[in-house]
């Protein structure tokens with residue numbers, strides 16, 4: 001600890017939380033958590049490996065899928081250290097600087113995932129509504145520029161989070177509400193004015209809502225184009241190309257909105273419910289996205305099965 005002035009001592013350690021009242025069972029809870037992390041990391045690495053090594057997957061749709069896999073991988077690796085420390089080693093303490101770094105990466109990769117889902121909805125819109133110009137519009141160079149532009153935008157968007165948190169004073173409360181650090185959670189511990197954090201946090205939340213709004217608009221235009229197709233069989237075939245992306249959008253946004261509703265309208269609900277939903281938000285998208293795309297993408301599925309058959313033969 002170090003002194004700020006004669007009456008206040010600034011804390012040097014925050015404390016994360018596992019599952020309240022179940023500390024004795026943390027070691028058992030760590031087993032499914034470790035399994036989910038392992039599957040998520042292996043799944044996303046598998047997606048990246050096939051997209052990099054298979055020329056047939058060097059298409060805009062799969063380039064965007066690789067961005068989604070990188071975002072999921074980053075999200076998993078950002079929360080992994082503290083989750084393992086809490087559930088495996090019963091070590092909930094974390095230094096403020098490490099906490100600020102973790103919340104930057106968690107929010108950064110979450111924002112990137114939201115952006116990638118938006119980009120993928122535009123990809124589906126162009127592929128369905130303007131298929132003849134698809135490859136000329138989404139060239140490899142343009143896809144790279146889009147990915148870099150959104151990455152740069154998200155870094156600039158999230159960078160003020162740790163910088164503003166670092167300028168706050170923390171002198172009384174030390175207990176956080178989750179197994180990892182989040183901006184809205186950390187700023188509540190401050191004993192100095194955090195209005196800037198509240199306002200900027202709201203602004204970032206609005207940008208995420210705008211992403212979802214644009215995704216919705218893209219699908220309204222896609223639906224309009226699909227309904228103009230005379231053949232019902234062709235309609236279903238076209239819509240089937242969007243199923244994986246729709247699943248990814250639901251997997252990402254449903255836990256976020258569920259957590260928001262719980263905090264807004266169920267303030268007196270069990271802390272276990274809030275902690276469970278927060279963990280679902282971080283664990284489920286990286287786990288489920290590779291599974292969804294491997295099941296729904298025939299090219300990737302065939303390649304995975306082919307590799308497995310080679311090993312067994």
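Heads up, the Cβ atoms here are built off N, Cα and C, so glycines get one too.
Those TrEMBL annotations? Automatic predictions, nothing curated.
Listed in TrEMBL for this protein:
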DOMAIN    43-293  domain 'G-protein coupled receptors family 1 profile'
TRANSMEM  25-50  transmembrane segment
TRANSMEM  62-84  transmembrane segment
TRANSMEM  104-122  transmembrane segment
TRANSMEM  143-163  transmembrane segment
TRANSMEM  198-222  transmembrane segment
TRANSMEM  243-266  transmembrane segment
TRANSMEM  272-295  transmembrane segment
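Comparing 104-122, 143-163, 198-222, 243-266 for CB pairs under 8 angstroms to the transmembrane segment (272-295), the maximum falls on 243-266. Non-local neighbours of the transmembrane segment (143-163) in the same chain are 60, 63-64, 67, 100-101, 103-104, 107-108, 111-112, 115-116, 119, 183, 197, 200-201, 204, 207; each lies 6+ residues outside the stretch with a CB under 8 Å from one of its CB atoms. Averaged across the domain 'G-protein coupled receptors family 1 profile' (43-293), pLDDT for the predicted model comes to 90.
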